[in-house]
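Okay, structure first, notes after.
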Amino acid sequence: IVTCEANSTWTPPLLLLLLETLWTLFCSYLCLCLQLLGYCGPPPNFAFAELTGAVSSQSLAGTELTYKCKAGYTAASGKSSVVTCLMSTTWFADSEFCIRGCGAPTRLLFAELSEEYKNEIDFPVGKTVTYTCRPGYAKHPGMSPTITCLDSGVWSEALEFCKTLACPPPPDIANGKHGGQPGEAFSPGASVNYHCDPGYALVGEARLNCTASGAWSLPVPRCEGPYAFPVLLPCTNLWTLLSLNSLGASLEAHGTLLSPSVKRVSENEAVAAGFS
């Protein structure tokens with residue numbers, strides 16, 4: 001009821017009355033909208049998926065809930081795992097958005113997934129993936145570098161289709177030997193040193209390395225000789241040989257011919273030594 005007072009004012013004031021009227025209309029409209037939107041009941045249960053978190057027993061229309069695939073299932077390609085409450089108060093979901101499948105392929109010490117499979121996330125039953133050997137390993141002949149997703153939702157057992165690279169026993173050399181032991185394994189990065197028998201000189205690098213390809217570095221050193229003791233090396237005029245004994249001792253102990261030690265002498269010293 002609105003009353004016109006003696007002082008020509010309205011009770012209650014018209015502005016307040018207008019605000020009350022607008023608020024009533026707004027509430028009525030909001031309630032009507034909520035009634036039109038409606039609520040969905042408890043979210044659906046799936047044999048292949050489960051909710052990622054707790055939810056209430058009622059959800060307002062427009063609510064979206066996310067599911068995740070259960071163990072033994074994988075996401076179906078092109079389908080969404082989001083379930084939506086419609087205005088009709090029913091839940092909507094893509095059919096079978098999770099299918100029987102496997103999780104991420106088995107991680108192996110000796111091999112890694114081939115490049116074409118590294119970004120894949122869907123692995124349905126029957127899916128086969130291929131591996132490539134890691135550095136330091138080589139494919140084992142006759143073994144398939146693959147695994148397959150089985151009906152049980154697990155990957156088939158991975159065989160050891162990559163073997164550790166190893167060099168064969170170091171090559172033997174005539175009149176010398178290397179430091180490797182019988183039956184010793186030589187993986188990439190290993191090395192052996194060669195030395196000659198007494199009286200022989202080593203020609204070439206004394207060390208061979210086992211390379212990443214499973215082969216020894218080249219060339220293989222060799223032993224030249226035999227050399228008699230003491231070693232007599234002719235000197236030209238005005239030069240004389242020093243430390244002949246130490247030269248022979250070094251040759252005999254290490255099998256390596258060292259450069260002789262020489263010095264320049266005067267003409268008088270040369271004549272006295274028998275050089276003309």
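Every residue gets a Cβ built from N, Cα and C, even glycine.
Given the structure is predicted, the values throughout are model-derived calculations rather than measurements.
Annotated features in TrEMBL:
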- 38-98: domain 'Sushi' (DOMAIN)
- 100-164: domain 'Sushi' (DOMAIN)
- 165-225: domain 'Sushi' (DOMAIN)
- CYS167-CYS210: disulfide bond (DISULFID)
- CYS196-CYS223: disulfide bond (DISULFID)
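Within 10 Å of the C-beta of CYS210 (disulfide bond) we count 22 further C-beta atoms, all protein chains included.
Counting every protein chain shown, the number of other Cβ atoms lying within 10 Å of the Cβ of CYS167 (disulfide bond) is 23. Within 10 Å of the Cβ of CYS196 (disulfide bond) there are 26 other Cβ atoms, across all protein chains. Model confidence over the domain 'Sushi' (165-225) stands at 92, taken as the mean pLDDT rounded to a whole number. Separation of the C-alpha atoms of CYS223 (disulfide bond) and CYS210 (disulfide bond): 21 Å, rounded to the nearest whole number.
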